[in-house]
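Copied over from TrEMBL, here are the features:
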type: TRANSMEM; residues: A:12-35; note: transmembrane segment
type: DOMAIN; residues: A:72-260; note: domain 'ABC transmembrane type-1'
type: TRANSMEM; residues: A:76-97; note: transmembrane segment
type: TRANSMEM; residues: A:109-131; note: transmembrane segment
type: TRANSMEM; residues: A:137-163; note: transmembrane segment
type: TRANSMEM; residues: A:184-206; note: transmembrane segment
type: TRANSMEM; residues: A:241-264; note: transmembrane segment
């Protein structure tokens, strides 16, 4: 509804200017994230256009050298660990919170969301201080725990959203039919909220896989993850291998988040069973 | 959904309790219902408990522990037990009596014997710049033991300087406001009042002001760039809107680190931004955009733009276009209709987007660390460097405390005037 039925010249000019401005904003949004992609296939060692030639040598560095392989391995360990714990506990919590009888919802919900609100450096420094005392610093368990705090709010929110479309009478029907709570959960509730759970899991995975500040404080040299390796690389010397790593990370997060959002939408729009 | 939706039905489980009670009295039914209700509450609490406990352990305790370091620092009190004793009766003005000097000498020697003298020197130095070398020098002279301890102490001018003893005295109290005041460039003066530290020692107010300035600049830039785009996306037909929204979401879904990395490539001296500026004729020469304030603001604007835009868009798409048409048909000029009909309705979205971006900017760490220069480091970077470089946990804790107070206060405002539901972005 941009133009009125009988647009004046002034209106046409305004709309043209709006499109021009928005076109520039979209370029500003997209060009920076697309730039690393062609650079990562550059055969030269510099970041200057035009490219010298096409090659996959920087991907060979990222996927083939021991240092990057270890980092990718660490990232996967931490991200899968975080996803597992955050999805499991986050789903249980979302189910509890979706019950209107849950005591103190108004207090619990902001507390659950607080890891997203507190500046991440404070979380990282606090974890470093506490985990060092209890022997969790420089361990995978420590990093996974800290990442679970950052990732679980996403699971609680997405599963909560899919539960808001879940008809609780189905659970009552299952109970009347003689199903024990555990059976009705696995056979009735879980299949219906599964899109929401998987979407939450994807959010949790991406949150952990992209996280670098907490890792920077908690990880020893043996636990460097891919983002941390990138961060260190960016501080030391800008190498095109970083553009290859950035492209890989970007591709992974975009694919996972597209899946997460499609699932989340499907979880919410699921037709009810009448 | 059909009319068959009894939402307040009692759970079938509760009927078991009814059979046990006398069915004739309403009282026992009510009691049974209450019992069942209590059981339900307990069960839902038990479901949430694992995550709540895990969050308390992995997130709550660390934050509380860190913040407590800002006000609780027993290092000096522990290291100087005799001095603490001797200073009990001191009135805080002038110099304490010789007994205090002797007690300090004895404490310094026992620290040397235990091997903790350097620790003590360091933590005194955190409160009293220059104390480190003086403590170590005095310890060496006490070790030599060629003169009586009192003479050694009096021979070092540092121990008779006016500022020294009040700091030692305040250090013997484990609970201290010293670091919190320092984080705001304040200190106690000799008369027990609070004063500003001398300008050459003041650092943090400037850093907080810089953080606020960068956050405000980024918020304004994202609003100027984002508002028209949000308006366009909300006005075009659905299919086109979906394509445009993807252009907003793609960068939104890319991690901050990856986007910062992309900007370090773009902002190089021979990078694309400089190429563009030269080609447009905006700049005559290649600019140093890396490690500069403007480079930092550009990169942060790129990262925050979706955070500002999405809440605005989600409000804009609920506004009926017919309202604007009604305004036109009533004779309003486009600008008047926009200002009096459209703007008041999108205002909550604008507030939500801007507040969110402002709050998130206060905590930025990665981008200033990689793109900002030495004079563009924000408060989070100072917190990190107090932990990593200076090993001064108390100062890091005090800065965290102040930053957290600002962040939570702004979120409080956000929740109060806009409601927490607006935190959902799409």
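Backbone N, Cα and C define each Cβ position, glycine as well.
Automated prediction, rather than curation, is the source of TrEMBL annotations.
Remember, it's a predicted structure, so these values are computed and weren't measured experimentally.
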Stretch winning on C-beta pairs under 8 A with the transmembrane segment (A:137-163) (pool: A:12-35, A:76-97, A:109-131, A:184-206, A:241-264) is A:76-97
The transmembrane segment (A:184-206) vs the transmembrane segment (A:109-131): three or more C-beta pairs under 8 Å (separation of 6 or more)? no
Taking residues 6+ outside the transmembrane segment (A:12-35), which of them lie with a CB under 8 Å of any CB in it? 2-3, 250
May I ask for the residues of the chain that lie six or more residues beyond the transmembrane segment (A:76-97) and have a Cβ under 8 Å from a Cβ within it? 105, 108-109, 112, 140, 143-144, 147-148, 151-157, 159-160, 163, 189, 193, 197, 200-201, 204-205, 207-209, 215, 223, 225
